[in-house]
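Please read the structure below before turning to the comments.
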């Protein structure tokens with residue numbers, strides 16, 4: 001029997017087993033059992049994905065499983081990539097969950113919350129393997145509902161969790177409806193609902209239908225992916241969900257939004273006119289810039305990571321847009337590189353964001369706060385966590401030798417080397433995109449220096465941070481696994497070359513966009529190359545060498561008081577906090593961020609010239625949310641209130657409404 | 001002069017022409033703006049001279065001389081005279097801040113480049129290929145006039161617009177008839193004189209030359 | 001293969017040896033122009049020697065990041081000095097370290113030092129780190145657009161390829177596009193190396209410091225490493241500026257004679273650029289921190305114009 005089929009069935013079965021274990025077992029064993037089942041399901045999913053990206057396909061139709069349409073599964077290299085990604089993240093997070101949820105049996109360790117975790121993983125594994133519109137929609141909705149319930153697992157803990165759940169529920173359901181409309185329209189237009197039938201019939205679609213389907217699906221998928229301006233659920237849900245759920249959502253679930261865009265736009269519709277890609281690129285550029293700017297000024301560690309997710313999704317969408325645009329212009333070498341960049345970045349982001357969300361979870365676990373202004377001093381108390389988070393931050397900041405750097409390098413190569421004859425649009429779009437990527441990268445470095453430097457270094461700024469202790473071994477093991485994957489992707493990204501080759505060929509772009517000897521990373525048709533392994537070895541080796549020589553040659557270090565201008569010992573209150581660190585950036589980008597600042601000066605009672613207290617408050621509301629969503633919410637609220645008048649509470653009246661509606665439908669039918 | 005060297009020089013002159021326009025957006029001191037405008041006038045003259053040399057045309061050479069006298073000497077001199085009469089030396093609070101203005105200049109240049117593609121395709125000579133530079137300067141001039149408060153900045157904006165038009169005319173068509181250039185120059189001289197009077201009056205009425213004060217006349 | 005490695009190591013040693021002298025040279029020129037006697041050319045080397053002998057102190061609250069940062073900064077500088085085409089375009093790492101990696105490595109060094117500044121737990125360290133990262137973030141678009149302008153005409157971002165193309169086809173060098181890119185990169189270099197008008201390397205007032213505020217707590221051998229690596233960064237950046245835009249004299253082979261000649265030419269170019277830098281600094285005043293974005297926006301526009309000009313005139 002097919003390897004993919006066996007592994008996939010095993011993954012689903014293990015997930016089911018994990019869910020029942022979560023429901024049945026006592027609190028003492030629950031976390032360990034569910035964690036183990038999640039790891040096993042994740043590993044099985046990853047095995048299925050690995051088999052699929054190495055060329056094993058699988059298709060099956062089970063007619064009886066669902067009424068009307070049945071269930072169709074189809075696994076190709078594209079699905080395999082996302083299976084691998086979801087499975088890998090699930091395995092890492094599964095290990096972490098054991099320690100994170102613990103044995104309390106409450107909150108995220110409650111029966112329902114734990115039972116849902118393997119189900120959520122199973123739903124995410126089903127999304128990429130769905131082979132027909134109805135199966136896809138079913139899996140998508142299953143994923144949305146399980147993730148929503150998981151976000152709400154700590155709803156007793158604070159009202160912010162409930163607000164986050166409401167936003168997420170509203171936006172994910174709106175997104176689902178839009179995708180449903182798009183895919184149903186597509187299926188109706190081609191007269192078949194399996195993806196194979198859609199693919200075959202897409203060539204004859206009218207431009208109106210294909211563009212309409214593209215717009216609807218893109219809106220739905222981009223909102224799931226957290227692209228600006230459809231992102232407001234993301235910083236709330238990611239921040240308020242339990243950290244292992246945040247890691248799963250940010251590292252795996254939002255990638256399925258990217259999968260949806262690729263599946264529909266590249267595969268099912270087979271590409272489209274230039275404006276599709278320009279629109280997608282614009283969304284990507286805005287997401288990247290706005291996301292990283294919001295992350296740069298965020299003081300909540302998980303909110304920072306959530307906005308950084310928007311940023312990375314923006315970069316991925318930029319890569320996809322470049323691939324589409326270049327492919328449409330016939331520049332297949334650039335298109336292949338851009339596609340490889342986008343896909344590699346999905347994997348890289350999954351690696352470092354799983355690691356970083358788990359790290360944020362460890363900080364929360366140890367101190368009870370996510371506020372960077374209240375943290376600090378963790379590097380001495382939680383050295384292993386700090387080291388692992390540093391690996392993740394290196395990747396997220398896209399600095400060499402981190403893993404994010406490789407995919408950003410690929411994206412830049414694709415943008416730099418479009419042939420000048422590519423036309424006006426490309427000539428203008430390419431430098432703008434390069435500038436966006438560059439500014440994003442620069443601000444990204446500042447953001448993660450801030451997260452690491454003010455969160456983990458120097459001395460603690462609160463009692464909770466001072467009392468922090470290192471996380472339990474299972475949490476460290478989960479993060480260690482993620483760090484190992486990040487390091488592997490950073491040093492030998494060429495391992496992904498065969499998989500990217502199959503995906504690109506399957507999407508009818510360039511075949512074999514990446515190649516190389518395992519050390520050098522080369523591109524098809526572009527004369528640039530790097531060797532990530534050499535860079536990593538060089539930086540680490542030379543640094544260690546210099547440190548060793550300096551240590552041997554110089555005198556030993558002595559601890560002493562820091563320079564305090566001769567004015568008594570420094571206290572933690574004098575340190576730079578996350579807010580003060582980001583202040584220059586906030587001022588430079590004041591026009592974009594529109595911060596709200598209040599300064600209240602209280603004067604002494606004796607004289608107006610003596611100041612007793614100065615109070616400074618700064619708020620950085622999400623401007624997109626307040627400008628774009630508030631009016632909609634207010635309008636919806638008004639409509640709702642107006643509609644209240646229709647519902648008086650009289651049963652007769654309600655029955656009369658129903659009768660009227662029925663009669664109206666029948667009359668309409670007769671008249672037609 | 002060989003054709004290749006001529007093209008190189010033309011490109012350099014065009015680069016300088018555009019750069020001075022961007023520089024005008026980047027500086028605050030009004031005297032620096034006038035200095036940059038002078039340099040731009042020299043660059044425009046250079047473009048005209050190079051075209052005249054290439055076409056060996058006496059009429060273009062005469063226009064070049066006229067342009068040089070007007071843009072590199074007379075207009076800057078007039079502006080300096082206005083500057084001496086008013087107390088402000090700096091553009092203190094432009095409606096759009098300097099960084100954003102520079103980014104806008106970048107965007108306008110991209111737009112000019114895109115918009116000029118059909119024009120370039122019409123006559124693909126080295127000179128015509130540089131025509132987007134003129135359009136970019138024109139757009140930057142408009143932007144300057146729209147976002148600066150001081151009257152002198154606005155005059156400079158108008159002069160940038162005119163320089164841009166002149167450059168497009170030179171580059172795209174290989175020269176302007178003498179009569180047209182004379183007419184335009186007379187117009188410009190008149191405009192500067194009118195603005196000079198306006199500035200002096202504004203100064204007398206409000207104490208500075210912030211053109212936003214003119215709104216008070218409407219009420 | 002081995003000849004290439006010997007050349008690369010010799011180049012790194014040359015950069016490391018010359019870097020403090022370049023700093024001494026700029027200081028001497030500046031002092032002479034300002035009517036002071038100034039120090040000798042080798043004074044920075046003497047300072048380094050003295051610092052190496054002193055006892056290094058670390059702040060009470062600092063941790064691993066503080067002690068590791070000098071070595072990481074030095075590693076990035078040495079790696080770039082090994083890989084960049086200062087003497088010959090046929091270096092052993094020319095296929096492994098391209099211009100984007102160089103930009104990334106320099107940023108890595110900046111980030112390491114910023115983390116060290118935050119690790120000290122002093123307000124000055126945090127202030128320097130915050131300012132330095134803001135400037136570094138804003139320089140990035142200029143740097144990459146200059147890379148764009150430089151690499152499109154060659155079709156590769158590999159440093160060796162860009163310089164080799166410049167050596168073989170000198171007509172490409174004096175174009176408006178490359179002049180604009182050179183101007184953009186020069187401004188970016190000033191910001192990256194922490195020179196006037198972005199940062200004042202000679203300041204003694206903590207509130208105006210950027211780079212110096214971050215390294216205020218270093219002493220002894222740690223300070224020596226930081227200062228040496230910073231001098232190397234200046235040399236690296238000026239060397240890149242010289243060789244990318246004026247590639248004359250760079251060897252295209254590994255022949256010892258031509259490499260030696262290239263070394264002499266390289267030192268000459270460094271001297272000229274260092275002198276220009278010193279002369280410029282005599283006349284320039286430090287910009288207010290919040291005026292720096294205007295300067296960098298200007299350099300960004302120059303970079304963008306370079307890219308567009310190369311497309312227009314292509």
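Cβ from N, Cα, C; glycine included.
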Candidate ranges A:53-73, A:242-262 [criterion: TrEMBL lists as transmembrane segment]: A:242-262
Selection from A:31-51, A:112-130, A:136-153, A:274-293, A:350-369, the stretch that has most Cβ pairs under 8 A to the transmembrane segment (A:81-100): A:31-51
Other parts of the chain folded back onto the transmembrane segment (A:208-230), taken as Cβ under 8 Å at six or more residues beyond its ends: 171-172, 174-179, 181-183, 185-186, 189, 202, 253-258, 260-261, 264-265, 269, 272-273, 276, 279-280, 283-284, 286-287, 290-291, 306, 309-310, 313-314, 316-317, 624, 628
Sequence-remote partners of the transmembrane segment (A:350-369) [C-beta within less than 8 Å, at least six residues beyond its ends]: 85, 88-89, 92-93, 96, 100, 238, 242-244, 246-248, 250-252, 255, 301-302, 305, 308-309, 312, 375, 378, 381-382, 385, 388-389, 391-393, 395-396, 402-404, 455, 462, 464-465, 467-471, 475, 478-479, 482-483, 485-486, 489
Cβ pairs under 8 Å between the transmembrane segment (A:274-293) and the transmembrane segment (A:419-452), at least three: yes
Residues from the same chain, set at least six apart from the ends of the transmembrane segment (A:112-130), whose C-beta lies under 8 A from its own: 8, 11-12, 14-23, 30-31, 34, 37-38, 41-42, 45, 48, 72-75, 78-80, 82-83, 86-87, 90, 97, 101, 136, 138-140, 142-143, 146-147, 149-150, 153, 242, 244-245, 248, 252-253, 256, 259
Chain residues in Cβ proximity to the transmembrane segment (A:136-153) (below 8 Å; excluding those fewer than six residues from its ends, i.e. six or more beyond): 66, 71, 107-108, 110, 112-113, 116-117, 119-120, 123-124, 126-127, 130, 161-162, 164-165, 168-169, 172-173, 176, 179-180, 183, 195, 237, 240-242, 245, 248-249, 253, 256
Top partner of the transmembrane segment (A:314-344) among A:31-51, A:165-188, A:242-262, A:419-452 - counted as Cβ pairs under 8 Å: A:419-452
Long-range neighbours of the transmembrane segment (A:419-452), counting only residues six or more past its ends (CB under 8 A): 274, 278, 281, 285, 288-289, 292-293, 295-296, 301, 304-305, 308, 311, 314-315, 318, 322, 325-326, 329, 331, 334, 372, 386, 389-390, 393-394, 396-399, 408, 411-412, 578, 581-582, 585
Sequence-remote partners of the transmembrane segment (A:242-262) [C-beta within less than 8 Å, at least six residues beyond its ends]: 78, 82, 85-86, 89-90, 92-93, 96-97, 100-101, 107-108, 113, 117, 120-121, 124, 127-128, 140, 143, 147, 150-151, 153-154, 179, 217-218, 220-227, 234, 280, 302, 305-306, 309, 313, 316-317, 320, 342, 346, 349-351, 353-354, 357-358, 360-362, 364-365, 507
